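Everything on this sheet refers to the single structure shown next.
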Amino acid sequence: MRNLFKTATIYILIALVILLLVDIFSGGLSYNQFFSNLSERREVIYSELINDINDGKVTRIVLSYNNVSGQYADGTKFDNVFVPSPDKFLDQIQPAIQAKKIQIVTKEPPQVPWWLSTFLPMLIFAGLMIFVWIFMLQQTQGGGSKIMSFTKSRAKTIQDLKKKVTFADVAGADEEKEELKEVIDFLKNPRKYIELGARIPKGILLVGPPGTGKTLLAKAVAGEAGVPFFSISGSDFVEMFVGVGAARVRDLFDQAKRNAPCVVFIDEIDAVGRHRGAGLGGGHDEREQTLNQLLVEMDGFGTNEGIIVMAATNRPDILDPALLRPGRFDRQIVVNVPDAKAREEILKVHARNKPLGEDVDLSQIAKITAGFTGADLENLLNEAALLAARKGKRQINMEEVQEAVAKVLMGPEKRSRVYTEKEKKLTAYHEAGHAIVRTMIPDSEPVHEVSIIPRGYAGGYTMYLPKEDKFYASKSDMMREIVTLLGGRVAEKLVLEDVSTGAASDIKRATKIARDMVTKYGMSDKLGPMTFGTEQEEVFLGRDLALARNYSEEVAAEIDREIKSIIEEAYKKAEEILKQNIDKLHKVANALLEKEKLTGEEFRKLVFEDAQPQLV
């Protein structure tokens, strides 16, 4: 900072000297005038000067175009009196001239050299721009020696083996780790593969939803192999300057070659590897130029250099085909959402440094967190730890974990929100309707928790405990879900003889499931196993998806009738269930009004304490 201030001071002084020289050469201030300003001066206005000259008070004047200076009889000097018109001025002091009371000296204004008036302004402007440019670079990059460093790669290098990440830190991804073991072996023993003529994959693309551990897997590969790990984001290549992205790609691979064997990891590669357009506008953008350089670099080095390029994306469908061909990213590893067993292993990893109570059952937590990614599970245990700390506890109990699950899924509780008794009663019957309908349908997941405490945008919620992870949904599963979603609306109608907007989200989800059954999964008996509507990939828009209708108006009307039929059938089924179990509906709703929240065991005790309920 001190050197920066010193440099700026020098530039400012140089600029001031240049401005002073320009002023001197342009006649604004002569050398003699500059030093004569030290003597006594008198301020005179134009009209007063005319009168003083004609009265004989002025003995000498010097006329230089529109500027008059001179001396009074008492020796007082004046200068820089502006004269609007020199000819008119001479006419006005003609009496004094004729009486020879005054000495007049006429001077031509100093002429500025043509080269000075032409080139000096340009030099000053250029110098000012250079100064501003250097100043900005010093501010952003910390020194004048880094003026051209924006073409350097911004990859972060991880070489500290004491803090390395290994496969022990990556739980629930056994198949993915198995795929990467040969990559690790190649990094450790490349000669074995080279002698056999084997070619290790040059590029490995990790594909999966956000938070599934793609970046963590890449770090584990570098940690297990004990080699340098270069990490960079796809967006770091593209800058405001043309050609910077391609230069950074070249610099990144130059660094990798100097540190081989190593791993180069490009996170969110879809930012730079997006499908190239069709050349609209007669050219290509900076991102495509960067992608072209990346394609060349990946196909330009041999296996004996020991460089493994890994990348991660959650949008493999928009990547350029040239990037996915053999010889570049020729192996794709899908890192999917973990199943129940994998979730339990992930929870064990994240619970290492957390004091868990004896009542915490990680296997049960894994069951109720279907669809959670590794990042979600880590956040879940962190929220549980924060809740325990807020309560002043020294360990995390199952109560905090279950509260954290609901918080992550639907948001924090909003106990301060004020509801009228009518709204509270409506919410209680709505949630009780969901829970009872779900319980009375055969082969349904058991209820885990029912609450009328607001969370997020919801006035209440009903959670279920999945028996097992499902990778496919049958027609009966989807119908069961629609019946459950409509249970809240049916309960409102049966008991309160009115409906509310609280079921809007349920109806929207039920309608979407019914539409997918008809148009996407071919589950309609009338229309048969057909799909309706196509997804168009517009290459001109960078492979953005657009839905196109490929069926007639008659088919569209039939689709609407089928969707309506499914919804009406589910509504009647939910209505039948609740009418047969109306006493249990009242009992659960009253318990919710009293306690606000029921666990799964409390709910089942209320429902099953009498005779066996009617299953529909």
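Every residue, even glycine, has its Cβ placed from backbone N, Cα and C.
The topological domain 'Cytoplasmic' feature in Swiss-Prot is assigned to 1-8 (among others); the stated evidence is sequence analysis.
For 9-29 (among others), the entry in Swiss-Prot reads transmembrane segment, with the evidence type sequence analysis.
Annotation comment: Swiss-Prot describes 30-114 as topological domain 'Extracellular', evidence class sequence analysis.
The transmembrane segment feature in Swiss-Prot is assigned to 115-135 (among others).
Marked as topological domain 'Cytoplasmic' by Swiss-Prot: 136-616 (among others).
There are 13 other CB atoms within 10 A of the CB of Pro209 (ATP binding site), with all protein chains counted. As annotated by Swiss-Prot, ATP binding site applies to Gly208, Pro209, Pro210, Gly211, Thr212, Gly213, Lys214, Thr215, with the evidence given as sequence analysis.
Per Swiss-Prot, Zn(2+) binding site is recorded for His430, His434, Asp506, and the stated evidence type is sequence analysis. Within 10 Å of the C-beta of His434 (Zn(2+) binding site) there are 26 other C-beta atoms, taking all protein chains into account. Following the DSSP three-state reduction, the secondary structure of His434 (Zn(2+) binding site) is helix.
Swiss-Prot lists Glu431 with the feature active site.
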* Structure fact -> Simplified DSSP label at Lys214 (ATP binding site) comes out helix
* Asked: Quick one, of the binding-site residues Thr212, Thr215, which Cβ has the fewest other Cβ within 10 Å?
  -> Thr215
* Note down the number of other Cβ atoms within 10 Å of the Cβ of Asp506 (Zn(2+) binding site), including every protein chain shown. => 18
* Separation of alpha carbons, Asp506 (Zn(2+) binding site) and Gly208 (ATP binding site) (Å) -> 29
* **Average pLDDT across the topological domain 'Extracellular' (30-114), rounded to a whole number** => 72
* Measure from the CA atom of Asp506 (Zn(2+) binding site) to the CA atom of Thr212 (ATP binding site) and give the result in Å, rounded to a whole number. => 29
* Structure fact -> One should report the C-alpha separation between Pro210 (ATP binding site) and Glu431 (active site), rounded to whole angstrom, as 32
* To do: Please tell me which one of the recorded positions listed here (His430, Glu431, His434, Asp506) sits closest to Lys214 (ATP binding site), measuring Cα to Cα?
  => Asp506
* **8 Å Cβ shell about Gly208, Pro209, Pro210, Gly211, Thr212, Gly213, Lys214, Thr215 centroid, ATP site members excluded** => Leu206, Ala312, Asn314, Val335, Thr373, Gly374, Ala375
